[in-house]
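Asks: Structure below; questions to follow.
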Amino acid sequence: MISTVSTTPFSDQQPGTSGLRKKVRVFQQPHYAENFVQSVFDSLDGHAGQTLVVGGDGRYLNREVIQIVLKMAAANGFGRALVGQGGILSTPAASHLIRTSGAFGGLILSASHNPGGPDEDFGIKYNVGNGGPAPEKVTDAIAAHALVIDRYKILDARDVDIDAIGTSRLGDMAIEVVDPVAAYADLMESLFDFPAIRAQIAGGFTLALDSMSAVTGPYAVEIFERRLGAPAGTVLNGTPLPDFGHHHPDPNLVHARALHDRMMAPDAPDFGAASDGDGDRNLIIGRHCYVTPSDSLAVLAANAHLAPGYAAGLKGIARSMPTSGAADRVAEKLGIPLYETPTGWKFFGNLLDAGMATICGEESAGTGSDHVREKDGIWAVLLWLNILAVRKQSVAAIMADHWATYGRNYYARHDYEGIDKDCADALMVALRGKLGALPGTPNSGGTVKSADDFAYVDPTDQSVSRQQGIRILFDDGSRIIFRLSGTGTQGATLRVYIERYVGPKGELALATGDALAPLIAAAQEVADIAGHTGMDRPSVIT
Ligand code: G16
């Protein structure tokens with residue numbers, strides 16, 4: 001029987017950079033998850049009788065919310081739900097499943113790299129039929145519905161068994177519990193030269209892959225240990241845990257410190273990588289060689305043709321605006337277009353659908369291609385391994401060669417976390433207020449060439465997204481960018497992105513902090529970060 005339950009709106013259900021992310025306790029309020037799920041369904045047109053994909057990264061509350069989603073999907077007229085066994089689907093695997101099943105869309109339950117557990121974070125994200133995150137016009141509609149919602153529909157029914165693979169029914173809706181790993185692993189095998197990678201591993205090439213007790217564990221064990229023959233134990237922290245073992249599943253130099261230290265040790269493996277809560281981010285570290293996400297995008301784009309899935313070359317490269325310009329130089333050399341989008345994978349979907357870009361990437365440790373419509377951590381690791389197997393050089397040698405060819409974009413992101421939201425807003429307002437006066441003025445970073453608030457016009461549908469980050473551009477091509485994170489759940493996080501380009505004949509082996517020191521000082525001078533935030537240094541540098 002379908003119940004129509006009266007409810008009242010919550011004022012805080014506007015999706016951020018990637019869906020709705022809140023503390024678990026916020027989601028545990030009566031009607032909270034239901035309101036948001038109904039607001040998603042109310043924003044859809046034509047979903048009756050269609051397929052919905054449902055899965056998540058296994059974090060605390062995953063299983064409970066899956067039951068709510070299934071009962072509400074049945075009550076709202078979906079014809080079929082595909083659920084990852086145990087409620088597990090990595091974000092890229094969910095994207096693949098949406099695409100291959102012809103689903104109308106999917107609900108992915110994850111707060112990505114944010115920590116999990118009863119006192120930590122949960123999230124719900126809606127992906128559309130191309131497998132990608134809902135574009136802004138959909139998330140705007142969801143936000144509008146959430147503000148006026150007065151009822152939701154849910155089936156009164158027993159919980160569904162999501163642990164046994166097979167089919168069942170929930171009211172008029174069919175439920176299929178599917179293997180979350182196999183089809184995704186097959187997709188990877190179709191793109192990359194598995195025999196070459198397997199041969200290199202058999203020849204003694206060593207790997208350390210940290211799944212951070214999050215969703216990629218089962219995927220990584222299947223692909224790297226079973227299909228590619230890496231020794232058992234290559235995958236570290238490979239069992240998904242609801243609280244990620246009390247860790248923060250964010251593959252950066254702070255939270256993946258153990259992997260970093262192992263890769264810097266005298267007896268380090270040849271290649272190290274980590275992925276995040278829902279498996280879409282990646283961290284790449286060669287022996288004694290950390291690779292920034294922006295550099296990783298550039299190297300992958302420059303060498304993608306070495307992998308069978310990309311042998312025909314790339315149609316274009318897309319990167320988010322704060323991501324360094326390293327990929328731009330690769331695009332220029334390849335004679336293909338480079339697209340600069342706002343932060344958020346959702347902005348790549350149209351370019352990929354239109355066949356304008358093949359590879360996309362972001363400074364926030366995301367890289368991916370047109371094989372799905374999400375960023376994909378394991379994909380990035382496999383493309384690196386394919387390139388290493390063909391070039392038979394170390395990661396450090398490949399980086400040195402890349403910089404000697406294209407020059408080097410020294411790059412760092414400084415995060416000021418947990419600051420008061422009003423203070424963060426005041427900093428951005430003050431900065432916006434002085435943009436017009438900055439060009440031509442000198443500071444520690446050099447002379448400001450131009451300053452603006454990034455706006456994006458999507459070349460496929462002409463939709464416009466404004467206020468996507470403040471850019472201070474210098475005469476020598478250096479940049480400082482300021483924006484507020486859209487994925488946090490507490491206070492505000494100010495992100496300051498700092499970049500300096502040095503040509504192929506310049507100094508290519510500086511320590512990043514030294515190379516960027518004048519620009520770091522300039523960021524403080526221009527934005528008075530310490531004055532606004534009370535912090536004299538960032539909480540995280542990546
Ligand atoms: C999400 C988006 C990414 C974006 C990142 C950073 O990543 O999917 O496209 O780059 O947030 O967002 P922000 O700087 O606003 O915190 P994820 O991995 O959290 O889904």
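Placed from the backbone N, Cα and C atoms, the Cβ positions cover glycine too.
Pulled the feature table from TrEMBL, pasting it below:
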- 1-17: compositional bias 'Polar residues' (COMPBIAS)
- 13-147: domain 'Alpha-D-phosphohexomutase alpha/beta/alpha' (DOMAIN)
- 183-285: domain 'Alpha-D-phosphohexomutase alpha/beta/alpha' (DOMAIN)
- 294-406: domain 'Alpha-D-phosphohexomutase alpha/beta/alpha' (DOMAIN)
- 1-21: region 'Disordered' (REGION)
Asks: Per DSSP, what is the residue count of the domain 'Alpha-D-phosphohexomutase alpha/beta/alpha' (183-285) in each of helix, strand and coil?
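Replies: Per-class counts: 41 helix, 16 strand, 46 coil.
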Asks: What does DSSP give as the helix, strand and coil breakdown of the region 'Disordered' (1-21)?
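Replies: Going through the region 'Disordered' (1-21) residue by residue, I get 0 helix, 9 strand, 12 coil.
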Asks: What is the three-state DSSP composition of the domain 'Alpha-D-phosphohexomutase alpha/beta/alpha' (294-406), stated as helix, strand and coil residue counts?
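Replies: Reading the DSSP string over the domain 'Alpha-D-phosphohexomutase alpha/beta/alpha' (294-406) gives 60 helix, 16 strand, 37 coil.
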Asks: Which value does the mean pLDDT take for the domain 'Alpha-D-phosphohexomutase alpha/beta/alpha' (294-406) in this predicted structure?
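Replies: Averaged over the domain 'Alpha-D-phosphohexomutase alpha/beta/alpha' (294-406), per-residue pLDDT gives 98.
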